[in-house]
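Remarks on the structure that follows.
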Amino acid sequence: MEEQDARVPALEPFRVEQAPPVIYYVPDFISKEEEEYLLRQVFNAPKPKWTQLSGRKLQNWGGLPHPRGMVPERLPPWLQRYVDKVSNLSLFGGLPANHVLVNQYLPGEGIMPHEDGPLYYPTVSTISLGSHTVLDFYEPRRPEDDDPTEQPRPPPRPTTSLLLEPRSLLVLRGPAYTRLLHGIAAARVDALDAASSPPNAAACPSARPGACLVRGTRVSLTIRRVPRVLRAGLLLGK
């Protein structure tokens, strides 16, 4: 997806300048009341719905993405409402989102730099609930970075970092999605640089230069589209 094709007209007022293309950041995408409602629904989910990973735990809604295709599952009404709200922004080639990954991060937890991969339409949208976080972007590793004959290289530094406040919507498209890695450092406090602010600082009331932001428990709703969908019978070879 080229940068020009990745633009979303309805979101252009929220485009993050001075950042890799194409990133949109929408503050207060949902209300405080909606945030509280969604958090109640997430934490009221049955225990078997949770999967514990190293550094976070998650819920998977809509089906399990698979290279052969995803057998779709109906989204619960409390999620479908917000999937529709995001889909109405025309992020997924005119088609609706059909998958939601719910992540819970406790203070001090994060996720290693990664790419979302080819199972998804090349756009990711994330609603943040409960607490802020800082999302870091990295250039992909080069083959020579893994050369055992070379001296060990220091950990990569982010090319840019965004502050994500509660109730915000983040959308990644184009090179920001297809080329760069993104991750969240395992930290309890985010110390903002006193000399430079995140590129989306103008939309973040808490982004004061030199501020130390203490993380709380954060829940993210990652809303995407899985293009390849199968009926159960096809997956079973029937």
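Placed from the backbone N, Cα and C atoms, the Cβ positions cover glycine too.
Take the Fe cation site that Swiss-Prot assigns to HIS114, ASP116: the candidate from HIS66, HIS182 listed for it is HIS182. In this structure, ASN103 is the one among the binding-site residues ASN103, SER220 with the smallest number of other Cβ atoms inside 10 Å of its Cβ. Among the binding-site residues ASN103, ARG218, SER220, not one has a Cα within 10 Å of the Cα of ASP116 (Fe cation binding site).
Taking the centroid of the Cβ atoms of ASN103, TYR105, ARG218, SER220 as the 2-oxoglutarate site, the other same-chain residues with Cβ within 8 Å of it are ARG56, GLN104, SER128, LEU129, GLY130, THR133, ILE184, VAL219. Within 8 A of the CB centroid of the Fe cation site residues HIS114, ASP116, HIS182, the other residues of that chain are PRO113, GLU115, GLY117, VAL124, LEU181, GLY183. In terms of DSSP secondary structure, the domain 'Fe2OG dioxygenase' (96-227) contains 11 helix, 51 strand, 70 coil.
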